[in-house]
Each structure stands twice: as structure tokens, then as C-alpha cells.
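Taken from TrEMBL as is:
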{"type": "SIGNAL", "residues": "1-26", "note": "signal peptide"}
{"type": "DOMAIN", "residues": "70-310", "note": "domain 'Peptidase S11 D-alanyl-D-alanine carboxypeptidase A N-terminal'"}
{"type": "ACT_SITE", "residues": "Ser106", "note": "active site, acyl-ester intermediate"}
{"type": "ACT_SITE", "residues": "Lys109", "note": "active site, proton acceptor"}
{"type": "ACT_SITE", "residues": "Ser164", "note": "active site"}
{"type": "BINDING", "residues": "Lys280", "note": "substrate binding site"}
Amino acid sequence: MKCINRRCSTAAAMLACILCTSLVTGCGKTEVLSDSFTADSLEYGITAGDTDTDISYFAKDLCVTDGDVEAVSADTSESYAALFFNVDTREVLYAKNIYDRLYPASTTKLMTALLALEHGNLDSQVTVSQEAITFHENGVSTAKLKAGDSLTVRQLLYALLLPSANDAANVIAEAVGGSVDQFAAMMNEKAQALGATGSHFVNANGLQDENHYTTAYDLYLIFQAAMKYDDFMEILQTPEYEASYQAADGTAVSAVWKSTNQFTAGNTAVPEGVSAVGGKTGTTTAARSCLVQLFTDAQGQRYVAIILGCKERAILYEEMLSFLSNLNN
């Protein structure tokens, strides 16, 4: 697994150093991150003049740490980065390389979904362009959309988040941003606003590009923002969706889209008392196997678990389960 840049984002590092001892519990034993971005970096960090305001804003509901944490036992030996946060108590239970820049694969689509929810009318009709369904590599996961097809934004979100359709991601990008490039600019602007300053996006689907990267912590920030939308949570928990839409010639098209998430699909069981609410998968050769996942325990407390750069998909789910073995004990 290639680490693009081992430096942490300025916003995350500043938050951690200031807040870990005064704001939240569960930060655990940490180490000082070195070679961080300068505070006046406009591309990757917050400006020094914004520090007080931004820290107050970002600190409100966040889990924060300035380094690796092992407050619970877990086996993530086959993954490059991992985290396990109690988002209700803001406890950092586990953190490994969470500020390292990595390729996100289709976990990118969490940001795509977030912008669609923020800027789009979910019931509005969108027409598929030829450009949106044109790919220059083989084996790309799609919803098999055709030029001229007409779908709602809501249907496109199901295609985006269940079968991880790259064509749906492009259609959403064009509908919301006018073009994929303009939408990518919106993604980067939103990332900065969320404090996800270790990320840079160049497309809406996460197909491989050396200039397209994020961090495990940034994905946590993006996921938490998306979780505030009821529509997002409903879609994320759906194992299978039957879509009916109109083709260019006016005929009806029916499709069944199934979740790529083995927890949601019911193919991987979780411990008694634990619920796998939903999450987003991602897989490319460069990114390897990735998953951003929400769980709840028997008391209803919520946990975000993220694994990036896992050697194999089956091992990824085993490592996820190693987090869950700590719940309800």
C-alpha cells in the first residue's frame, strides 16, 4: 500500500494538540506528529487568522487525537490505516496512521453523496450524458446506465452507494456541479470546510489518480457530516434496491442494485447486541480494500470504524470484527 504523504493535516494536528487534554476523554497515549503542514498553508491547512474560530467549530462534536491510539485491542496488521471511534462519547478507541494520505477508491463517494444531499433536489430528474458513462479502463463498476436515461437524484444515490456505480457518480457530478471538474472543486471546497485538509479530489467516483487522495481521519469527518441526513442513512442501510426509470426512447427500465458491503448484504455476521448500520466500500489495485462503517452497540451508542489499504477483502471484514469484539463485554 502506497502512502502518498506521511504528514498530517494542519487542522487535525492543531485540534489534537490543543483539545486532546481539555476537550474529550479517550484520547489515550499519543505521540507528537512531526513534519506537519504550516499553519498558513492555504492549500492544505487553515490560516492562522482562522484558528480560534475554526477550532471552536470543529471541536464541537469530534473525536480528536494527535497520534496512534490502542485503547482497545484489535488486529489491523494487514491494513495500512484504521480507526475506531465512539462518536457519541467522542472517545478515540483505536487509531493507526489516520493522518497519512492514501488512495480512497470508492469511499470517495461519501463526499459525492454529501454534496448531492446538500445541493440537489433528490426528486428532480436527471438525464444521463454520454460523457458520464464513458470510461477509459476496464472492469469499472457501473449501474449500466445509458445515455439519455432519466433518473431521479435519489435513484442515483442508491446506485452510487449500493453497487458503487461509477457512472452514477459522474451523473451526479454533472447534475450538481455542471461538470466533473467543477464538482471536484466543490468536493475540495467542502473538504476544507469540514477540516478534511489532508484530502484532494479530482473525480466523483474514486477511480485511480495520483492526485486523488484522503486520510482515514478525513473520511471520518466526511462520513459524520453525511450521517446527519436521514436520506443518506436510509440508503446506506438498504441491502437491495429495485429501480424503475425511463430510457431515452421512453421505454421503462428496471434494475436491481445490491450493496457491495458484506455487512449490509448479510454475508458477514456481527456479534450479538451489535448492529452493522451501514457503510461504504472501496477497492482498487492501488487503494486495496477499504471500508467506512457505522455500528451501534446494545445500548445504541454509535461507532465509526474505518479501514484503508487492507490486503484482502475477507481480511478487512475480519479486522472490522476485531473492533467489535470489544463491545458489549
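Cβ atoms here come from the backbone N, Cα and C positions, even for glycine.
On its own chain, Ser106 (active site, acyl-ester intermediate) has Ser141, Ser164, Asn166, Asn205, Gly206, Lys280, Thr281, Gly282, Thr283, Thr284, Cys290 as residues at least 6 apart in sequence with a Cβ closer than 8 Å to its own Cβ. Here the recorded positions are Lys109, Lys280, and the one ringed by the most other CB atoms within 10 angstroms is Lys280. In the predicted model, the domain 'Peptidase S11 D-alanyl-D-alanine carboxypeptidase A N-terminal' (70-310) shows an average pLDDT of 98.
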